[in-house]
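**Student:** Take a look at the following structure, please.
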Amino acid sequence: MAIEKTLSIVKPNAVKKNVIGDIYSRFEKAGLKIVAAKMTQLDDDRAGGFYEEHKARPFFGELVEFMTSGPVLIQVLEGENAVALNREIMGATNPENAAEGTIRKDFADSLSENAVHGSDSTESAAREIAYFFDAAEIFSR
């Protein structure tokens, strides 16, 4: 099995609900290590740049507005098959379709306010991690 890194964001609605510890506990119980983390308030440019691939989609403006509506917690997770494992822990993008016990089923408010972001591939993970973290900020253990 491959040791991978993936990016995770606890979105503004989950930060506001004060469920960061619950979410972190799920990462760790699944065997993922948190090797970098920062809380920040994204501005329009930073959020828009991160979600650049969605710029032409009709939901882009709403997505940027939501992601800038409050602080987010951004972390790098590391472990065996971290990308797929994190996506499994998160659950389906639409919380109505998410399995019981997943982060989105338990903490999302809607499709657009779905509590967490996770990289969808190792390529995306590398790009997304570099967007928010310098190599010196990541501490593999």
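Backbone N, Cα and C atoms are what each Cβ position is placed from, and that goes for glycine too.
Owing to the predicted nature of the structure, the values given are computational and were not obtained by experimental measurement.
Annotated active site, pros-phosphohistidine intermediate per Swiss-Prot: H117, in sequence order, evidence recorded as sequence analysis. Taken from Swiss-Prot, the feature ATP binding site applies to K11, F59, R87, T93, R104, N114, supported by sequence analysis.
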**Student:** If I restrict to non-local contacts, at least six residues apart, and a C-beta distance under 8 angstroms, what lies near R87 (ATP binding site) in its own chain?
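**Tutor:** Expected: G118, D120.
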**Student:** Minimum Cβ neighbour count within 10 Å among the binding-site residues T93, N114: which residue?
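**Tutor:** Selected from the binding-site residues T93, N114 on minimum Cβ neighbours within 10 Å: T93.
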**Student:** Using a 10 angstroms cut-off on Cβ to Cβ distances, just flag whichever of K11, R104, H117 is the loneliest among these recorded positions.
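**Tutor:** Output over recorded positions K11, R104, H117: least Cβ neighbours within 10 Å is H117.
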**Student:** Cβ distance under 8 Å to F59 (ATP binding site), same chain, sequence separation 6 or more: which residues?
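**Tutor:** Residues satisfying the criterion: S112.
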**Student:** List the Cα distance (Å, whole number) between the residue listed as 'active site, pros-phosphohistidine intermediate' and K11 (ATP binding site).
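**Tutor:** It is 7 Å, counting Cα to Cα.
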